[in-house]
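Taken from TrEMBL as is:
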- 57-89: domain 'Alpha-D-phosphohexomutase alpha/beta/alpha' (DOMAIN)
- 67, 286, 288, 290: Mg(2+) binding site (BINDING)
- 67: active site, phosphoserine intermediate (ACT_SITE)
- 182-293: domain 'Phosphoacetylglucosamine mutase AMG1' (DOMAIN)
- 309-461: domain 'Phosphoacetylglucosamine mutase AMG1' (DOMAIN)
- 391, 392, 393, 522, 523, 524, 525, 526, 531: substrate binding site (BINDING)
- 479-551: domain 'Alpha-D-phosphohexomutase C-terminal' (DOMAIN)
Ligand code: G16
């Protein structure tokens, strides 16, 4: 490392000493903690992002967000050149860098990494890191720390993209590296034009459908609501009204009693919604708009909603895509000069409701499981021609392989010359529009929502009809505060605990008491808790199973708090 670089790093690092006694790790979605202890971590992730950009010779992203966590928390994560999560082999370095006690230790780590990865810190190249933040009040100063981290690496330049949803930033990074237009306006344009294309292709005769012309969206008092208001203007929708509540402008607090995580975990109406909304399709975004769930409010006063979660979104998309593929290849249509055996995979986690897995399998689809965290689901989905991945919490997207997209474009051109306007050609156009609408970089609540809306219009289904695709098995989620969440180690896509010894056997004994019982525990990657998930044939049994296992966790690991 040249002297100029060494002294730059030493002088800036000494301005950001790590808080004593705090040890953070790059978890399910980057570093998350109380915003008050994060400055040094965010500064160091700036250095990490700069090194990643120099190594990959590409644009990299850095997002300041704690997504669904409470407003006083914040976090930071890195977007790789393809718009996906940071390559997992860089995570140990992220941990080491974040926890290096002194500037000299940090310098030694940078030296080791640059030597290992062959990164030249000689300033001969200049690479850009796009930085953005959500609406958290702590975001502004943390973003400044990130910029300083980035610019303490010679050859790295920070571009401040302002307040964005997390998926917008990931989308921009991907677009920049693909040489495509990559501004926020380009993102909104792409979403609105592909949505309009899908709406123009709604089958005729679908006019008397049951969909309902109103959608009410809970913006979690975060960035998603704001962006949706802009998007809504661009869409100039006919026959669909979108009302946005909890935009953050009405005085509500981010993620407090609102948002996709609250709605999905508690299964109750968010603030600002009530029985007056009965019969209207409702949706909820999370704090940084990467998760989406739908819900139906109760007809009478009372709080319990009918949740239409990520598994249902996945199932709706699977039905729609399967239908388009079979129209495309239908006997009696124009003969395609080349066939392509499109492989579809649906990726789920242990949280997926058992009924959704059965439904997808009955559709004839391949269903595979990964641990929680889109970084795992995304990686698996990328192995298919069409990989549909959603976590039950509403985080997910659909990936199209380059190879399949190339075939689809060629087929569409071919059909346009021999059978323009045919059902087959429309099916090809719909699939192409889906690939442009749904975010190819990462799960995105806004693009997912538009695809749900277009799909419901296509099918002519109300939210109730969609919800009735299958009936969820009753389930319950709880969280348990423990002294040390890393004491729980799991295997088999988080369905079995290997540490501490004995607890899995105890969970098995509890689970066996309930018909159709299923239960697992896992350490959260974003909060200081152990999560408990239970499923059974009645709600009462699911509740009892979850409670008894939460007591077990408490007994084995610490103090039960919620
Ligand atoms: C993040 C990840 C999600 C994951 C969730 C799990 O969500 O991006 O893929 O499902 O964490 O959180 P935990 O490990 O606490 O259960 P988000 O929306 O907070 O970024």
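Note that Cβ sites are derived from N, Cα and C of the backbone, with glycine treated the same way.
For residue 525 (substrate binding site), the spatially nearest entry among the binding-site residues 67, 286, 288, 290 is 67, judged by CA separation. Within the domain 'Phosphoacetylglucosamine mutase AMG1' (182-293), the DSSP-based counts of helix, strand and coil residues read 40 helix, 19 strand, 53 coil. Checking the binding-site residues 67, 288, 523, 525 against ligand 1, the ones whose Cβ sits under 6 Å from it are 67, 525. Summary for the binding-site residues 523, 525: the Cβ-based neighbour count within 10 Å is maximal at 523. Look at the Cβ of each of the binding-site residues 290, 391 and count the other Cβ atoms within 10 Å; the largest number goes with 290. Sequence-distant contacts of residue 288 (Mg(2+) binding site), defined by Cβ-Cβ distance under 8 angstroms and a gap of at least six in the same chain, are 63, 65, 67, 134, 165, 166, 222, 223, 224.
Taking each of the binding-site residues 67, 393 in turn and counting other Cβ atoms within 10 Å of its Cβ gives the largest count for 67. Surrounding the centroid of the Cβ atoms of 67, 286, 288, 290, where the record places Mg(2+), the chain contributes additional residues within 8 Å, namely 65, 68, 134, 165, 166, 222, 224, 260, 285, 287, 289, 291, 395, 445.
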